[in-house]
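Here it is, the structure in full.
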Amino acid sequence: MQEAALLVLCYLLGSIPFSYFFTRMLTRQDIRKRGSGNVGATNVFRTSGPGVALLAFLGDLLKGLLAAWIGQSTGSQLLLVICVILAVIGHIYPVFLGFKGGKGVTTSAGIILFLMPDVTGILLLIFLAIVYFTRYVSLGSITVACLLPLVSLAMGKPWSYVVIGILMAALVVYHHRENIDRLRNGSEAKITDKA
């Protein structure tokens, strides 16, 4: 019973739509009706500016950190995997917004930061380099998501961490399908483009 409650808690934690809340509170706008319509920090940055985006980013990052801490505290590697993936699923399919949320990148980053700070550092450098040279946040997100399980495996992380990396990569890439199509045809918005 206690384990089930923790799993529900992790999903609900992931479901807290910080991008929506901060945009609504500070700009009185509905992020779902602005820019790409995505409930994530990148869309907040492009539509509401860096200040609001930073708050949204930190909120989503914190969700991942807390979910990883909860999962780790159970002492079970299986429960850890389920807890953190439920948090990411909660972010993507939030009960509080009719199951239409973000793409799971920042919440995943919070989880990896808690579990594997060394891997996070490597992937962050790669992400920043890609975004700096291409101005495509989506390309950076997709690339580091794909690299996550490979880097985790190469650095000898526990099997549960590698599984988490594989599942996160699958979720992130799947929910970037439209971005991938736009990258291919050259219509993807850059971080410097205003919505």
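Don't overthink the numbers, they just go from 1 along the chain as shown.
In case you wondered, yes, glycine gets a Cβ from its N, Cα and C as well.
If you look up Swiss-Prot, you'll see 3-23, 51-71, 79-99, 111-131, 153-173 marked as transmembrane segment.
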Do any residues, 6 or more residues outside the transmembrane segment (111-131), come within under 8 Å Cβ-to-Cβ of it, and if so which ones?
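61, 64-65, 67-69, 72, 84, 87-88, 137, 139-141, 143-144, 147-148, 151-152, 155, 157, 161, 164-165, 168, 191.
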Return the stretch with the most CB pairs under 8 A relative to the transmembrane segment (3-23), choosing among 51-71, 79-99, 153-173.
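The stretch with the most close Cβ contacts to the transmembrane segment (3-23) is 79-99.
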Residues sitting near the transmembrane segment (153-173): Cβ under 8 Å, six or more positions beyond its termini, same chain?
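Residues 77-78, 80-81, 84-85, 88-89, 92, 103-105, 108, 111-112, 115-116, 118-119, 141-142, 145-146, 180.
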